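Going by TrEMBL, these are the annotated features:
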BINDING   64, 75, 82, 120, 122  alpha-D-mannose 1-phosphate binding site
BINDING   150  Mg(2+) binding site
């Protein structure tokens with residue numbers, strides 16, 4: 001895929017390819033430092049340990065190149081358990097309360113806390129959302145930027161890019177897109 005397009009941006013542009021060649025890579029640990037990452041992980045695990053939920057499963061924190069994905073129920077829950085948690089969260093605002101607590105605890109540390117999907121919270125440095133990739137293409141004068149993502153509806157991470165960049169045209173990743181462009 002990277003050879004087919006002028007630019008390809010996995011991981012919000014933290015990994016970048018231009019003209020089929022590797023351009024650069026950023027990492028959350030390099031940006032934040034190990035001490036802050038450990039403080040954040042320890043705090044999240046302590047917070048999750050105190051939440052009483054109908055069910056908890058494993059993988060409460062997933063460490064990714066550009067973010068931490070924190071899940072109160074655990075990422076290894078079944079689809080049925082995921083839906084059950086999502087419905088409970090809509091009533092009790094479990095993740096919203098968690099985010100408010102994290103924002104207070106880590107104020108001034110340059111972190112964004114964003115509710116993601118049905119079961120998790122994404123934690124990343126300010127500016128490391130889907131708009132990050134735009135910094136790579138600013139000098140090239142593109143009139144149109146096509147964004148393909150799995151979620152482009154309102155309140156999604158992909159929607160932020162579409163709202164921030166008037167040149168961006170969003171297309172939710174579908175079998176048609178995968179067949180036509182990949």
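Any Cβ shown, glycine's included, is placed from N, Cα and C.
Feature annotations (TrEMBL) mapped to structure.
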residue	record	CB count, 10 Å
64	alpha-D-mannose 1-phosphate binding site	14
75	alpha-D-mannose 1-phosphate binding site	17
82	alpha-D-mannose 1-phosphate binding site	19
120	alpha-D-mannose 1-phosphate binding site	23
122	alpha-D-mannose 1-phosphate binding site	21
Just checking a number: largest C-alpha distance across 64, 75, 82, 120, 122 for the alpha-D-mannose 1-phosphate site, rounded to a whole Å.
21
Using DSSP reduced to three states, classify residue 82 (alpha-D-mannose 1-phosphate binding site) as helix, strand or coil.
helix
Let me know the DSSP-derived helix, strand or coil state of residue 122 (alpha-D-mannose 1-phosphate binding site), please.
strand
